[in-house]
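K.L.:
Before anything else, here's the structure in question.
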Amino acid sequence: MAAPLALVLVVAVTVRAALFRSSLAEFISERVEVVSPLSSWKRVVEGLALLDLGVSPYSGAVFHETPLIIYLFHFLIDYAELVFMITDALTAIALYFAIQDFNKVVFKKQKLLLELDQYAPDVAELIRTPMEMRYIPLKVALYLLNPYTILSCVAKSTCAINNTLIAFFILTTIKGSVFLSAVFLALATYQSLYPVTLFAPGLLYLLQRQYIPVKVKSKAFWIFSWEYAMMYTGSLVVIVCLSFFLLSSWDFIPAVYGFILSVPDLTPNIGLFWYFFAEMFEHFSLFFVCVFQINVFFYTVPLAIKLKEHPIFFMFIQIAIISIFKSYPTVGDVALYMAFFPVWNHLYRFLRNIFVLTCIIIVCSLLFPVLWHLWIYAGSANSNFFYAITLTFNVGQILLISDYFYAFLRREYYLTHGLYLTAKDGTEAMLVLK
């Protein structure tokens, strides 16, 4: 599999290099679908200019990236294009090896359950085979050729760096490295705050890996959870303190995390926040900011309860929720959870609306620049048009993720109770998710 992966890497780098040298690079870097006030490369350049002048990059209201990012590019500004290409390649490689290991774990678990007769007798067609799972890691690595990923890289959106950190968190978690998992999760949280919700699936997987039961009365459960929480918190504290020593100031905390949570910049993007708060009376904004922000965090506990035996699927759902409900989303965020679709290709037969929802997402992606042009340049449309397509895009994503969630639970139920269900009167029964 090394040769196909190398081919994917070569093709991906070639496409990116060609686009970097084309006239499209400038156009892409200004697209509101691709960059946000948090991840815009132009804002990073302005922050670097202020730093070179001996002024805090957070003294204005323009730069909102983390201190480690600005110091990284302070030394690598001349190689920025190469940095972003390497970042994307590292993300794909990390996902490739993570899913390769995950498939081995899934197959071993499936084999054990078959030996213990935990599956119903008529579910042979639902059992996954090694041949079926062989090419899944390579399909995941095709993340590199996703148009969303390519656009994000060419625009030099710092979202790509956050994706890399999350990918390495997933890899180290699946490998069972408790310390590195905590470190990469801390880095991802430091970079964009919302990955803190990935703590729960990461912990659940590591508990599973250590054969520790997820039980409130289990002493081993609490000891391990405490150790992992301390590693994560300690890593985060060290990173934040390092940022303070670099800047000799705490200005970055309100400028980065306060900015993410309070959503003061209402520049249009593909998210749900900007239009709503642009139209709202100021004295209501704090309440509704809290209501909107809680969406990212609210689902973590019920999902942890429902999917405690399936932490990687939980992780996939949580990454999707972050990309939909975060305050400043871009297409780069969407690309990360889309990379996991091949992992769940065995759910395809249970998906109810996959064709319609795929069409909605593709059509919305094509209409974003059209409606933006009609609004901003032609003047023949207004913000309602652009927000309508944004809303449709996000509703499409929500329904798609809900469809995968339903399909996953349906397959798990069939594995235990049998594929062909019958009611008490002997007629064919229908499985309903409530």
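Quick reminder: no glycine exception, Cβ is built from N, Cα and C everywhere.
Per Swiss-Prot, the feature cardiolipin binding site maps to Lys215, Lys308. Positions annotated as topological domain 'Lumenal' by Swiss-Prot: 23-78, 244-285, 372-383. What Swiss-Prot lists as topological domain 'Cytoplasmic' is 100-136, 205-221, 306-310, 345-353, 406-434, and the listing cites similarity to another entry. Annotation source Swiss-Prot lists transmembrane segment at 4-22, 79-99, 137-157, 158-177, 178-193, 194-204, 222-243, 286-305, 311-330, 331-344, 354-371, 384-405, citing similarity to another entry.
For each listed feature, how buried is it and what is near it?
P.N.:
Look at Lys308 (cardiolipin binding site): DSSP puts it in coil.
Assigned with DSSP, the residues of the topological domain 'Lumenal' (23-78) fall into helix, strand and coil as follows: 30 helix, 0 strand, 26 coil.
If one looks beyond the topological domain 'Cytoplasmic' (100-136) by at least 6 residues along the same chain, the residues whose Cβ comes under 8 Å of a Cβ in the stretch are 1, 174-175, 312, 342-343, 345-346, 411, 414-420.
Using DSSP to sort the residues of the topological domain 'Cytoplasmic' (205-221) gives these counts of helix, strand and coil: 8 helix, 0 strand, 9 coil.
The DSSP breakdown of the topological domain 'Lumenal' (244-285) into helical (H, G, I), extended (E, B) and coil residues amounts to 25 helix, 0 strand, 17 coil.
Proximity of distant same-chain residues to the topological domain 'Cytoplasmic' (306-310), defined by a Cβ-Cβ separation under 8 Å and at least 6 residues beyond the stretch ends, is recorded for 201, 204, 208, 214, 317, 408-409, 412.
Residues 126, 128, 132, 136, 139, 399-400, 403-404, 406-408, 410-411 of the same chain, all 6+ positions outside the topological domain 'Cytoplasmic' (345-353), place their C-beta atoms under 8 angstroms from a C-beta of that stretch.
Regional average pLDDT for the topological domain 'Lumenal' (372-383) in the model is 88.
Listed by sequence, the residues of this chain that lie at least six past the ends of the transmembrane segment (79-99) yet keep a Cβ under 8 A from its Cβ atoms are 5, 8-9, 12-13, 16-17, 20, 41, 72-73, 136-138, 140-141, 143-144, 149, 153, 156, 160-161, 163-164, 167-168, 170-171, 174-175, 336, 339, 343.
Outside the transmembrane segment (158-177) by six or more residues, the chain places 36, 38-39, 41, 44, 65, 69, 84, 87-88, 90-91, 94-95, 97-98, 101-102, 105, 149, 152, 183-185, 187-188, 191-192, 195, 198, 202, 205-206, 209-210, 312, 315, 319, 330, 332-333, 335-336 with a CB less than 8 A from a CB of the stretch.
Only residues 6 or more beyond the boundaries of the transmembrane segment (222-243), in the same chain, are considered here, and those with a CB under 8 A from a CB of the stretch are 66-68, 178-179, 181-183, 185-187, 189-190, 199, 202-203, 206-207, 210, 212, 252-253.
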K.L.:
Any residues 6+ beyond the ends of the topological domain 'Lumenal' (372-383) with a Cβ under 8 Å from its own?
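P.N.:
Residues packing against the topological domain 'Lumenal' (372-383) from afar: 32, 268, 275, 278.
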K.L.:
Count the residues of the topological domain 'Cytoplasmic' (345-353) that DSSP assigns to helix (H, G, I), to strand (E, B) and to coil, and report the three numbers in that order.
P.N.:
6 helix, 0 strand, 3 coil
K.L.:
Taking residues 6+ outside the transmembrane segment (354-371), which of them lie with a CB under 8 Å of any CB in it?
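P.N.:
Contacts of the transmembrane segment (354-371) (Cβ under 8 Å, skipping residues fewer than 6 from its ends): 31, 33, 147, 270, 331, 348, 381, 385-386, 388-390, 392-393, 395-397, 399-400, 403.
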K.L.:
Given the transmembrane segment (331-344), which of the listed stretches 4-22, 178-193, 194-204, 384-405 has the most Cβ pairs that are under 8 Å apart from it?
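P.N.:
It is 384-405 that shares the most Cβ pairs under 8 Å with the transmembrane segment (331-344).
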K.L.:
With pairs fewer than 6 apart in sequence excluded, do the transmembrane segment (4-22) and the transmembrane segment (137-157) have three or more C-beta pairs that lie under 8 Å?
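P.N.:
Answer yes: the transmembrane segment (137-157) meets the transmembrane segment (4-22) with 3 or more Cβ pairs below 8 Å.
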K.L.:
In terms of Cβ proximity under 8 Å, which residues at least six beyond the ends of the transmembrane segment (178-193) contact it?
P.N.:
38, 66, 68-69, 161-162, 165-166, 168-169, 172, 199, 202, 206, 227-228, 231-236, 239-240, 243, 257, 260-261, 326
K.L.:
In the structure shown, with every protein chain counted, which of the binding-site residues Lys215, Lys308 has the densest set of Cβ atoms within 10 angstroms of its Cβ?
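P.N.:
By the 10 Å Cβ neighbour count, Lys308 comes out on top.
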